[in-house]
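As recorded in Swiss-Prot, the features of this protein are as follows:
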ACT_SITE  Ser25  active site, schiff-base intermediate with substrate
ACT_SITE  Tyr58  active site, proton donor
BINDING   Thr57, Gly73, Ala74, Ala75  substrate binding site
COMPBIAS  99-114  compositional bias 'Basic and acidic residues'
COMPBIAS  120-129  compositional bias 'Pro residues'
MOD_RES   Ser25  pyruvic acid (Ser)
REGION    99-129  region 'Disordered'
Amino acid sequence: MNRRMFKSKIHRATVTHADLHYEGSVTIDADLLEAADILPYEAVDIWNVTRGSRLTTYALAGARGSGVVCINGAAAHLNQPGDLVIIATFADMDDAEARRHTPRVLRVDGRNRPLAEQPPETPGPLAPN
């Protein structure tokens, strides 16, 4: 049996540009792609924390060290500069690999620079009984 697992994410990145007239995709600083284990042309989900929108597109590598997160094409209607987004990837794995898998989570600051400390992801608060 295969399972679809959360593979990696860039957590709370800031959209720097939105280019409605580009063909599509999201351009992301190549350093961030590498740190988050996202390849150019890999499918990514973008969850907009500011607006609540969600979409799927693919990643393109932007200039290293630029901090760029540019939403391209029609998705620019749903994401604007200054919005906070989560950029996530998923991968299909067999059951044994899925049970050993640890996703990569890259937290960034307001300028899309990796935070010095990268604490592990923890579950949210429990609902009261």
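Cβ atoms here come from the backbone N, Cα and C positions, even for glycine.
Location within the structure of each feature annotated in Swiss-Prot.
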{"residue": "Ser25", "record": "active site, schiff-base intermediate with substrate", "CB count, 10 Å": "19"}
{"residue": "Thr57", "record": "substrate binding site", "CB count, 10 Å": "18"}
{"residue": "Tyr58", "record": "active site, proton donor", "CB count, 10 Å": "15"}
{"residue": "Gly73", "record": "substrate binding site", "CB count, 10 Å": "16"}
{"residue": "Ala74", "record": "substrate binding site", "CB count, 10 Å": "13"}
{"residue": "Ala75", "record": "substrate binding site", "CB count, 10 Å": "21"}
Exercise. What's the CA to CA span in angstrom from Ala74 (substrate binding site) over to Ser25 (active site, schiff-base intermediate with substrate)?
Worked result: 9
Exercise. Reported as an integer number of Å, what is the Cα distance between Ala75 (substrate binding site) and Ser25 (active site, schiff-base intermediate with substrate)?
Worked result: 8
Exercise. Per the record, substrate is bound by Thr57, Gly73, Ala74, Ala75: how many Å separate the farthest pair of Cα atoms?
Worked result: 10
Seminar exercise, completed: Around the recorded substrate site (Thr57, Gly73, Ala74, Ala75), other residues with Cβ within 8 Å of the Cβ centre, ordered by sequence, are Gly24, Ser25, Val26, Leu55, Ile71, Asn72, Ala76, Leu78
Exercise. How big is the Cα-to-Cα gap, in Å, between Ser25 (active site, schiff-base intermediate with substrate) and Thr57 (substrate binding site)?
Worked result: 5
